[in-house]
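Below: the structure, in structure tokens.
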């Protein structure tokens, strides 16, 4: 008896009919047994039929025989959504309510949570909130109904027509505002007063094109960086955009970057960081390709956001804010080269732009936006760098406001003049010192005023606004909460040894 037959008989006696260590036919040095079986599947994958064409042996994946199976009797198989008990839902709702308004707490895996059940809607102002209390169902429908006809707010058909026209007009206005995210609202405020007509130049940054660019940036960003001017952070803060994001996109992260901190004292930058950190994470920054400040802290913060969203292939970071606050300069600083066009004038960035920072982090540059407000005067808009000074008519009328906002010794040190009594004398002295005279020896007031305004906006003249919670005044002279904070002329300087902490 051959060796193969002896081995086969031994396996039969031991009850082991498996192949064991027998090699597959065709297995050699170049192909292992797994590869040979894989190739045999292609070769022998045809079905076998008899002379009549009936199927005798089906090819792989051709058989229609369904094996007997049993479905697990679990309620999750028979529901179209995930299920959760009311106790667990209430417990999670209480835990979420404690951390909901904390900007330093991040909710992960939001898509797997029933956010519509966790967020309780306020129905106190809804007209149908208390309809069951005023008109019970049993007294309205059924055999005990007492209402003869539906109650209508209008007393007559004419009143109903007027109400319909009013609602239609409000709907058209809302439809027009929706294209600008609802931010270009009417200029009339809650206190009932409105601002007088302004020049067309002071409405820059409020067009529909700008709002469309802002909408695209917010919609495409996972993290939104609000760039503020360190000299006047509250003036360059877009509160209406923040309210919109809080209401419509609560899952997006919003942080503040206090740019141009090199133009203010160190103690002031630290005070503003402490004040703004109560609302959002805030960083002090100085945009410069060669000598920057805060670059490492910002990159580290962006990497933390990237680690929080490991389930995504990449995250996008959008930069928004007032014109000429340094959004494009911050992007150039992070990339350490010029990838965005920058200029010391507002409106240089026209459309949004995608820039790659690293493999998983992308940056989005946005044009500057100016949320309309009736309380903003022409001086406020001009001093925030929203408009170009050369397009302003009669720029000398804004020089008195410059003298009020700046300290006298700063102006004397910048222009090397002294002894002026008012704005007119200041312009005349500066024009004669620089030799800017017209025919007849008259000073060029318009040209000198434009120069002073440009120096004011570009940081050549030191000025700043102190935080509102610094050095509170007595109760008798306390200003309202919505008033303008004190200027540099009123703010006392603390000791110079106070260092900035980011």
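Each residue, glycine too, has its Cβ placed from N, Cα and C.
Keep in mind that what you see is a predicted model, and the values were worked out from it rather than measured.
Now, the feature entries from Swiss-Prot:
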type	residues	note
BINDING	321, 322, 323, 324, 325, 326, 327, 328, 365, 366, 367, 368, 369	GTP binding site
COMPBIAS	468-482	compositional bias 'Basic and acidic residues'
DOMAIN	211-372	domain 'CP-type G'
REGION	1-20	region 'Disordered'
REGION	459-502	region 'Disordered'
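Structure coloured by features recorded in Swiss-Prot.
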residue : record           : DSSP class
321     : GTP binding site : strand
327     : GTP binding site : helix
365     : GTP binding site : strand
> Relative to the Cβ position of residue 369 (GTP binding site), how many further Cβ atoms are located within 10 Å?
Replying inline: 24
>> Averaged over the domain 'CP-type G' (211-372), what pLDDT does the predicted model reach?
In response: 91
> Tell me which residues of the chain lie with their Cβ under 8 angstroms from that of residue 367 (GTP binding site), as long as they are six or more apart in sequence?
Replying inline: 205, 210, 213, 214, 323, 347, 349, 350, 351, 352
>> An 8 Å radius from the center of the 321, 322, 323, 324, 325, 326, 327, 328, 365, 366, 367, 368, 369 Cβ atoms defines the neighbourhood of the GTP site; name the other residues of that chain inside it, in order.
In response: 227, 319, 320, 346, 349
> Including all protein chains displayed, how many Cβ atoms other than that of residue 321 (GTP binding site) lie within 10 Å of its Cβ?
Replying inline: 24
